[in-house]
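What follows is a single structure, written as structure tokens, with notes after it.
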Amino acid sequence: MSQQQDKQPSENKLWGGRFTGATDPLMDLYNASLPYDKVMYDADLTGTKVYTQGLNKLGLITTEELNLIHQGLEQIRQEWHDNKFIIKAGDEDIHTANERRLGEIIGKNISGKVHTGRSRNDQVATDMRIFVRESLLNLSKILHQFITAILERAHKEIDVLMPGYTHLQKAQPIRWAHWLSSYATYFTEDYKRLQEIITRVNQSPLGSGALAGHPYGIDREFLAKGLGFDGVIGNSLTAVSDRDFVVESLFWSTLFMNHISRFSEDLIIYSSGEFGFIKLADAYSTGSSLMPQKKNPDSLELLRGKSGRVFGQLSGFLMSIKSIPSTYNKDMQEDKEPLFDALTTVEHSILIATGVISTLSIDKQNMEKALTMDMLATDLADYLVRKGVPFRETHHISGECVRKAEEEKLSGIDQLSFEQFQQIDSRFEKDVMETFDFEASVERRDALGGTAKSAVLKQLENLKSILS
């Protein structure tokens, strides 16, 4: 037997009694999660505080012991908060570290009762749900602020017209506020989904033990209420092994980042010299180390780039859990790094996006100068529809007008003479020239969801009512 195998396992290991040989130091490092799960210190201490209240109700901890435990837990909380908590060898995870420190403060004869009937399986599941719930509530708050900033901008700049694009080609005139409302709609749907996920996250696994349930009949509903959960997970096997809430949180983060990526891509294009529709504030731009004239939209490019990072966290975690058997397996430890990274990335992304949209300036003149008369070709077709001509026929006629203007090298279809319109189709009348007005074009799109001023204002009010 090697010298390493002769060593006794660390006294700090919660599971050390079964083993006679020490673990490989690399295995200790490979197995440890404290470097990243220490962010859950507050959730872990809160969970233990309420759990010991449940043990006190059962008579397994005296009230005097409970008070000492709670005092010790609050001291540990303060140490973590002040960055004074000392991590020691054998602190495998946040649960081990906190329990070890509690023993140092109040003595192991009392701290040793804290884990009665509890497993790290239900403990970590509880910590995760508390941490994720609080993280998602924070995301909900700042996402609300982001959407509100978009809506306020849309109200303020409701009268600004710009080209709308399909295939990145000029399509039809729209209101700048309509574009803003479009993304506000995406983000409001994200906001609504987030509320649904928070409801599903907020279920308590505490009191499920390792897998089979609690041996002392602890009041799980009491524990759930004390921790702010809406209810309990009704099956102990599921309670310790369910990570659907992690997957949902990652999927939500992925979908949101997809939306923020598209939002950023549009703004990157609009900020380019070729478009010149918007200008980012200096606070959200950077320069070039070589070219003094450059003002780069790095904030938006990072928002776009970090979406791929979050997508990867989701796909990676799904691969980690796709084939694991029921109840708890160590694979589940791989839930934390991708989730914590994704939640932090999304939080920072929302804050950056809020700053960008709140501080950018628009160039109304450039937006309106980019409008071209060929964008009113559909309006020309609609003109004939109102004269009773079938749309498929009017579409063809309007296309002929566009082709004629190109052949004549005219700047737009509005430059065709009335006689030329009549040569193409005799049903054109002199009022056809009234078609070529961008403001009139957008105002004709007044159906629900359209780009007319009344329609956009209704969209903004609807979104505002959802948020309120």
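Think of each number as a place in line: the chain as shown, counted from 1.
For all residues, glycine too, the Cβ spot is worked out from N, Cα and C.
Taking all protein chains in view, 22 other C-beta atoms sit within 10 angstroms of the C-beta of K336 (2-(N(omega)-L-arginino)succinate binding site). Per Swiss-Prot, 2-(N(omega)-L-arginino)succinate binding site is recorded for S33, N121, T166, N296, Y328, Q333, K336.
For H167 (active site, proton acceptor), no same-chain residue 6+ apart in sequence has a C-beta under 8 angstroms from its C-beta. Look at Swiss-Prot and you will find H167 tagged as active site, proton acceptor.
Per Swiss-Prot, the feature active site, proton donor maps to S288; the stated evidence is similarity to another entry.
Neighbour list (E301 (site 'Increases basicity of active site His'), Cβ cut-off 8 Å, at least 6 residues apart, same chain): S264, I268. Per Swiss-Prot, the feature site 'Increases basicity of active site His' maps to E301.
DSSP assigns N296 (2-(N(omega)-L-arginino)succinate binding site) to a strand. A simple way to gauge crowding: the CB of T166 (2-(N(omega)-L-arginino)succinate binding site) has 8 other CB atoms within 10 angstroms, across all the protein chains here. For the 2-(N(omega)-L-arginino)succinate site listed in the record, the two most distant Cα atoms among S33, N121, T166, N296, Y328, Q333, K336 lie 51 Å apart. A sphere of 10 angstroms centred on the C-beta of Q333 (2-(N(omega)-L-arginino)succinate binding site) encloses 17 other C-beta atoms. Y328 (2-(N(omega)-L-arginino)succinate binding site) falls within neither a helix nor a strand when secondary structure is assigned with DSSP, and so counts as coil. Listed binding-site residues: S33, N121, N296. The one with the lowest count of other Cβ atoms within 10 Å of its Cβ is N296. Counting Cβ atoms from all protein chains shown, Y328 (2-(N(omega)-L-arginino)succinate binding site) has 21 others lying within 10 Å of its own Cβ.
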